Structure formats: structure tokens, C-alpha cells
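*Asks:* Encoded as C-alpha cells, here's the structure I'll be asking about.
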Amino acid sequence: MSSTPVNVTVTGAAGQIGYALLFRIASGQLLGADTPVRLRLLEIPQAVRAAEGTALELEDSAFPLLAGVDVFDDAKRAFEGTNVALLVGARPRTKGMERGDLLSANGGIFKPQGEAINSGAAEDIRVLVVGNPANTNALIAQTHAPDVPAERFTAMTRLDHNRAIAQLAKKLGVPSAEIRKITIWGNHSATQYPDIFHAQVGGRSGAEAVGDQKWIAEEFIPRVAKRGAEIIEVRGASSAASAASAAIDHVYTWVNGTPEGDWTSAAIPSDGSYGVPEGLISSFPVTAAGGKFEIVQGLELDAFSREKIDASVRELAEEREAVRALGLI
């Protein structure tokens, strides 16, 4: 076991996702069963007391890997010496709110957090943005951390990836473990493109195994893209445990690598691959090794896939222009 704890900062720590996330981190599921962690919980002042209550519960769980818990309402202090940052807290869209208002409100959160990460985080900092709009929030934070390599900022599409695996497995009547090489392209929004044309199921492509293009276009893609809204409708609250689980998966894969013969999905700064403008934080098929994500290259895209990817990338470019116009990047 490593003797030096890894500092993990979680923002929005008193929220539902934070509550579902923190106990799994403390149990070793984020980084591995031999890596101790010190948790740093960041909240807005009015939620600090609730976060302190969660800290008490974490202490009471007596996790062998938990080296300590600290609660902050100041970003500079919360990110000091941090190795892994999970940016969960964000301003949700409320009824009647325009997209510009949403982006502006979140800019007020992610700009100072990016600055705090830039000034105080550890040299090996890795950042995962969970709070929506995740891709553009990640872009805002990354822009304000110019001394941190851009590749250290990612946004979460692993929840969409996991949802796509689950839907395909359900359709084919196979365990989720048999599904490999699913891809989520583009934005973590309703325009995302869940791609099963390169997926593998028992030696066949996902699309070939399904054998029903109408189901793919009219049921599978919309069901995955709009699953969050479906859960709100059924549960009466947004998905929290599944989002926390996906965040765990994302960071664990980033640190420990993807299995041989498989890849995952993550929103990372584009290097121009697949025609996605450089610098946009877009979801790609990625492998992880040595603590770095790499975009899977050389995948052939048919006209259907190209159109879907381009539509989502257009939305990302529009969001980038909107935050640029607001002076946030």
C-alpha cells in the first residue's frame, strides 16, 4: 500500500451525486484498493453544514483507506495540493432560463475553480467535470488554468457510455460484460451520438448483432441521449448514483488503464481528430495507459455517423462561441 494519501477534491459535495460518490472514493473504488485518499469537500457557504454532516458519516465508516476529510467553502484552499478534482457542483437549468444565462451562471463557478486549480493543485492534477453543461464547463475551467496541461481537463460522458452498453446488452439479451468498444461522440447533451457500429459483441459488430437500423436510429440513440430526462420523469429526481458510478469508472480507467482489446468514452480536448475542431472538449473513443487518454484513430465513419457527430460538434462550437462572447474564455 502507498503510504502517501492522494488528495481528492469533490465540489458540490453535499449534493446527491456527491453523497453517492464520496463513500465509494473512501472505500478505494476510485483509485484502487492500495491507495489511501484524503478527501477535500468544497461547498457553497449555505451547504457547508450539510457537507460537514457527510464528513462525520465518512469518519464513522472507518474506511481503512481514508486518511482524513476536510470541508471548505473557499476554492483556493480546497484545491491546494489536489491530485484529483471531481467538479460535480454546477448551476442547474431552471424553468425559463436561457442557455446564455446558464452558461454565464456556470462561468461564475468554473472560472474561479480553474484559477484555483492553476495556482494551487499538485503537478499531477487530473480534473473530471461532471456538472452540466459538462463539456463547456470543462473548457471554461481549462482556459483559466493555463499552467496545467490541457489534457488534464476532461468531461464525463462515461454515464452515456454505460447507458449505451446497458441498452445494447438488454436488446441482445447478453451480459453487459460482453459488450466492447461502444463510443459516445460529441457533447454530453441530447445531441450526443452513441455509436454501436464499431462495438463488438461476441465477434460481431453491435449494429450487425442488432440487425435493425430502425431500432438503432429511432429507439437506441434517443433512449441513451435522453435517459437523464427519463430518469427524472420516473424517479422524480435526477440520476445521482449512476452518475457517481460513472465518475468512479472514468477516473479509475484514466489512472489504471483500459482493458486490452477495449476502449471507453471520455470528453477530452480535441487534437483535430475526426474533424472535431482543435481545443473543443468533445467525447471520443479513447484508450488509457500510463495515466493518459489517447483518441482511438482510424475508425471509418459512414454518412449516418458523420452527420450525427457533426451535429453534436456544431453544438459544442456554438457553446464555445457563447462563452467567448460572455468573456468567460
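Positions of Cβ are set from backbone N, Cα and C atoms, glycine also.
It should be emphasised that the depicted structure is a prediction, and the values quoted were computed from it without experimental measurement.
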*Asks:* Of Arg93, Arg152, which one shares the substrate site with Arg99, Asn132, Arg163 in Swiss-Prot?
*Replies:* Arg93
*Asks:* Of the recorded positions Arg93, Arg99, Asn132, Arg163, His188, which one sits closest to Gly12 (NAD(+) binding site) when you measure Cα to Cα?
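*Replies:* Spatially nearest to Gly12 (NAD(+) binding site) by Cα position is Asn132.
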*Asks:* Which residues of the same chain, at least 6 positions away in sequence, have a Cβ lying under 8 Å from the Cβ of Gln113 (NAD(+) binding site)?
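*Replies:* Result: Thr11, Ala75, Phe79, Leu87, Ala141.
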*Asks:* Go through Arg99, Arg163, our binding-site residues, and report the one whose Cβ sees the most other Cβ atoms within 10 Å.
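*Replies:* Checking each of Arg99, Arg163, the winner is Arg163.
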*Asks:* Drop a 10 Å sphere on every Cβ of the recorded positions Arg93, His188 and tell me which sphere holds the fewest other Cβ atoms.
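*Replies:* Ranked by other Cβ atoms within 10 Å, the recorded positions Arg93, His188 bottom out at Arg93.
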*Asks:* I'm trying to understand the geometry here, so how far is the Cα atom of Gly131 (NAD(+) binding site) from the Cα atom of His188 (active site, proton acceptor), in Å to the nearest whole number?
*Replies:* 10
*Asks:* Could you round the CA separation between Arg93 (substrate binding site) and Ala14 (NAD(+) binding site) to a whole angstrom and send it over?
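*Replies:* Cα to Cα, Arg93 (substrate binding site) and Ala14 (NAD(+) binding site) are separated by 19 Å.
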*Asks:* Reported as an integer number of Å, what is the Cα distance between Gly18 (NAD(+) binding site) and Asn132 (substrate binding site)?
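*Replies:* Cα to Cα, Gly18 (NAD(+) binding site) and Asn132 (substrate binding site) are separated by 14 Å.
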